Amino acid sequence: MFAKYSWDLLQLLLMLMLMFMCYRDEKKKDKMPSVGYFQLFRFATCKDTVMMVVGGLCALIHGAASPLMLLVYGQMTNTFVAYELEVQELKDTNKECNNNTIYWKNGSIYETAENSTVYCGVDIEAQMTMFAYYYVGIGIGVLFVSYFQIAFWVSAAARQIDRMRKTYFRKVMQMEIGWFDCNSVGELNTRMTDDINKINNAIADQVSIFIERISTFVFGFMVGFIGGWKLTLVVIAVSPLIGIAAGLMAMAVARLTGRELKSYAKAGAVADEVLSSIRTVAAFGGEEKEAERYDRNLAEAQNWGVKKGTIVGLFQGYLWCIIFFCFALAFWYGSKLVIDTKELSPGTLIQVFFGVLMAAMHLGQASPCLEAFASGRAAAKIIFDTIDREPEIDCFSEKGHKLDKVKGDIEFHNVTFFYPSRPEVKILDDLSMRIKAGETTAFVGPSGSGKSTTIQLFQRFYDPKEGMVTLDGHDIRTLNIQWLRSLIGIVEQEPVLFSTTIAENIRFGRPGVTMEDIIQATKEANAYNFIINLPQKFDTLVGEGGGQMSGGQKQRIAIARALIRNPRILLLDMATSALDNESEAVVQEALDKMRLGRTTISIAHRLSTIRNADAIVGFEHGQAVEKGTHSELIERQGVYFTLVTLQNQGKSNTTKDFCSQHYSYRDSVRLRSQSKLSNDTLSDVLKTLSDKEVTNDDADKHVEPAPVARILKYNQPEWPYMLIGSLGAAVNGSVNPIYAVLFSQILGTFAIGDLNDQRKQINGICILFCIVAVTSFFSHFLQGYAFAKSGELLTRRLRKVGFQAMLRQEIGWFDDPRNSPGALTTRLATDASMVQGATGCQIGMIVNSLTSIGASFIIAFYFSWKLTLVIMCFLPLIGLSGVFQAKMLTGFANQDKKAMEAAGWVSSEALANIRTIAGLAKESSFVESYEQKLELPYKSAKKKAIIYGLCFGFSQCVIFMAYAASFRYGGYLVSSEGLQYMFVFRVITAVVISGTALGKASSFTPDYAKAKTAAARLFKLLDRIPKISISHADGEKWDNFRGEIEFLNCNFTYPTRPDVQVLNGLVVSVKPGQTLAFVGSSGCGKSTSVQLLERFYDPDEGKVLIDGRPSCTVNVPFLRSQIGIVSQEPVLFDCSIAENIQYGNNTCSVSMEEIFEAAKKAYLHDFVMTLPDKYETQVGAQGSQLSRGQKQRIAIARAIVRNPKVLLLDEATSALDTESEQSVQSALDEARKGRTCIVIAHRLSTIQTADIIAVMSNGAVIEQDTHDKLMAKRGAYYKLVTTGAPIS
């Protein structure tokens, strides 16, 4: 019951906060939607609500402390005025003080012109001592309530944010795969960090500070009403102008923040895409093009940022302008009430005047909080929409049947299907077929005919738009989804491994398996031998995305993972394509054993692997057009017959399919795309690193802060903006000291005996207030606009030069896990915007504060140096509390960031590999892991609440103690040294203002320090000299590039694995126009040699000669422009087909005619013309909207457009179906004419015509010659061709 009333009370308190954001229906008006403010608290429990209510009440009381102090202040003013009048009267030696009344010396009572007596006998020091006690009492009260207001709100927010993060991640992991096709992984990761932090800002300490300020606003007016209702009403009449402005500002900022974030997200996605595909970018010389593309996206964000800064400046100027007009009006009318109607005493006027001033000031100060609330509400919209979205396929659902006995009959009934991200392209068209239990059914057909899609439908990654899929006669939509997926084992062509140990990766297959089971599974998958030879054996970390393993090794681990599941239904999606012959034979045998008694679906482009299937289904245009055994389909002479005929052409009987390694370290050569549709940012954030790497990372963080001069140098082109902004800031800074002078002058007028003189002075002061108001408006606008402009331009410039610097680095630099795409993208986003902490708006704030401090001290020392020195004793306390608070918060921010990083790794890996996780039904274990990693940030946030509360309480109460001491000493100076009381007020007000400004300035120190560190990190990157320069100026170029290549005694190890010798004295050469083919088993260095030629790396020893010149002396862009590469899994960019082909030549603009020509040569043109948007069709992230064959042909067209002298074919046709392969192979044969060509072959039949075949083993060539001569030698090559035995 208490919780309900607490919640109602909380709502009442918060309604005060939002009272001037009235009259708007955002859903209708706002283009940038946001949620209702109270919805932000949807994760609050009873305990949180109670904490927030108590914290809110404390804030309310804290807010009332200053108006309460005014009552004391009013009495004190009356005491001072009475004393001053007494002193002035007693200057006349004919008067004396008797019984608290002034008499003439002759004994008659002294009367003024108004026939009133004059009070005397004020004991100013005793009075001041009493007032000092009042101040101390209020100060101690403030210490306690301000501690609780912060501690409770920050703790309650920490608890809610923790729940929100967990709920959001759990809901994201619950979503169906179709949802991930339409949401980029990079964006989801950003939401999980930045957007939730924005919500935290909107529901933590900002709320209590807002309540406190609104409380001061309300109580200030109450004090005004008690003192003089007429004057207060006059001022209140003006206040709606302030409220409306604050409301409008909040709306505008929310909208602009949303748009700015959206633009930055786009730029971040570009950076991530480019850095993830850095090898492709380098190979095609696209660095400058990508930097421009990134900058174009930054320009949009910059414009929104400038608009936001301008609007904030405009509204703040407007608020201050109105406040000063209020002062002028209030004081002019108030003085009439004091002098003419005698309704108020000077003290009451001050009480009313200050009450209104304080209320108005706090209302102005509340506006920055509104900005935080608006940003939080905008950020919460997307987060809450995701949380509230019901997934179409809920993988955590407990609903659905679990069959007691599974036979394994699978049937497709009239299934029609479109991908959610491409609803206009029909993938399956009324597909009907039956897969019998216990049998092996093979799917064959050209690329894009829907083979893989059927597998995804059976795994329930998607549901069909029409028709149904059944298991043993039950529609799979009625079955329990986790149970269904637990029946399925899947082995794909591009397996995904998680960034943990080999044993843990296999354990993902089935929870609770023993080490014996794991060993048995690896033996069956032929993985045991290579694992046992690794230094760490089963505890070896596989690296980010399995990058430390070769393709064949990854594949075998994936097969072991499937074997350990002991599945009822087995899905093999080209499962052995990445294995060398010997492994393939053994693994094929293991898979054959595994298939016994299980329903198996096998997709294969290599038809030899599926001849023995019980049934073969031929696919075409999303339909199953034929079904039967190998011999039946051969007789029928349909799709299957065509494919078999094409594949058998030109193959000798002895030839066996052969596969070289997929990848060396970090998927290095193949410029390979990370698998699956939604993985557009696989390596989005650093994955789990070894202890050693983490230590290195820490070392990297301790960088020397950069000198400010260098930061400002980057802001140099904006100096006119900064100058204008600084002038505006200086004017804004001097407003408060001017106010101190005007205010004390007001008090002084009440001790003037002549009423006309009094009126005249008052009118003059009111006019001055009006001048200050108008000046303030323009100076705030100038400051806001000028610094927003200079700051945003700097951020954009730094991001661009940072990105360019990254693209300049050699490929080895990207191999370092600290430089993973995710880490670099984050660095670009955060470091560049942090640098604004030393320039931009911060300069404005610092100039503002310094002017304020300077002017205040000049005024204070001029009027009473003694009193100034006394008050100055308190300044270090006020300043220190600010600095201490800032230091504490900075420390916590670093801890939070570090703690959140671990959770970020988990979320990033989970989202990037969502298909594999869904297939293994492992969503819940990732959710648990993420929740576990959130423990640390949560504990850190609770600790922060207490320390932040203590610092805040101390900083709030110091000011009351300062008042107590300074007014007490001021009383002494007035009575003993005859100081005018007006000067006491002037000095105290001036020094307090300077103290506040000092505190404000010190609160920028953490931002300033962070900015210098961030700048240092950025400059470290800018200053790094790449080991391989890609400058157009460095190195040799020549006209008649022939393409003669020679490797001389090349030794090489990867920079990140110096202990593993990859190339060991490699000697091989190829003449212009010849074709050299590399063959050999996994990890023997074939792909590495290609990378040395591209100059991704330089050899440790030996040389690579190009046209007789050492590669290290050749100009890199020139060299790469002569080389075209086609790899097995090509990386495409998220743009149109035409733009992807144009990427082949980044030195000039490629015409559409050239694109058509290249596409025709790559047998791509006819397919593209069937698409609705033809060449303007978007290929999706990493080409996800296309089949492998289609992607491959685009990559070949891209290489042809380049018109290279040297062609590198890295298993270029291995991912194609037979029909495409034949046509593409002839296109490649055509492209090879007159060019030097290096081929890494997947199938030996494709390289028999090569001029030189080099057989590699352990990083060296063990024999080389033509096919016929090598066969005649009966050496390693002969053994490989005839028996598939390994090369040792």
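Heads up, the Cβ atoms here are built off N, Cα and C, so glycines get one too.
According to TrEMBL, the transmembrane segment annotation covers 6-23 (among others).
TrEMBL lists 50-73 (among others) with the feature transmembrane segment.
Here TrEMBL flags 53-375 (among others) as domain 'ABC transmembrane type-1'.
The transmembrane segment annotation in TrEMBL covers 132-156 (among others).
For the transmembrane segment (207-227), same-chain residues at least 6 beyond its ends with a Cβ under 8 Å from one of its own Cβ atoms are 13-14, 16-17, 19, 52, 55-56, 58-64, 66-68, 70-71, 74, 146, 149-150, 152-153, 235-236, 344, 348-349, 351-352, 354-360, 362-363, 365-366, 369-370, 373. Under the heading transmembrane segment, TrEMBL lists 207-227 (among others).
As annotated by TrEMBL, transmembrane segment applies to 233-254 (among others).
Note on the transmembrane segment (311-332): residues 231, 234-235, 238-239, 241-242, 245-246, 248-249, 252-253, 256, 352-353, 356-357, 360-361, 363-364, 367, 371, 735, 739, 746, 762-763, 765-767, 769-770, 772-774, 776-785, 788 of its chain, located 6 or more positions outside it, place their CB under 8 angstroms from a CB of the stretch. The transmembrane segment annotation in TrEMBL covers 311-332 (among others).
According to TrEMBL, the domain 'ABC transporter' annotation covers 410-646 (among others). Residues belonging to the domain 'ABC transporter' (410-646) score a mean pLDDT of 79 in the model.
Residues or ranges marked as transmembrane segment in TrEMBL: 719-742 (among others).
Annotation comment: TrEMBL describes 723-1010 (among others) as domain 'ABC transmembrane type-1'.
Within its own chain, the transmembrane segment (762-788) is flanked in space by residues 305-306, 308-314, 316-318, 320-325, 327-329, 331-332, 335, 721-722, 724-725, 727-729, 731-732, 735, 738-739, 742, 745-746, 749, 840-841, 843-844, 848, which lie at least six positions past its ends and keep a Cβ under 8 Å from the stretch. Under the heading transmembrane segment, TrEMBL lists 762-788 (among others).
Per TrEMBL, transmembrane segment is recorded for 869-890 (among others).
The annotation transmembrane segment is assigned in TrEMBL to 945-966 (among others).
Counting same-chain residues at least six beyond the ends of the transmembrane segment (978-998), those with a Cβ under 8 angstroms from any Cβ of the stretch are 80-81, 83-84, 87, 733, 736-737, 739-741, 743-745, 747-748, 751, 848-850, 852-853, 856-857, 859-860, 863-864, 867-868, 871-872, 874-875, 878-879, 882, 959, 962-963, 966-967, 970-971. Annotation source TrEMBL lists transmembrane segment at 978-998 (among others).
The domain 'ABC transporter' feature in TrEMBL is assigned to 1045-1283 (among others).
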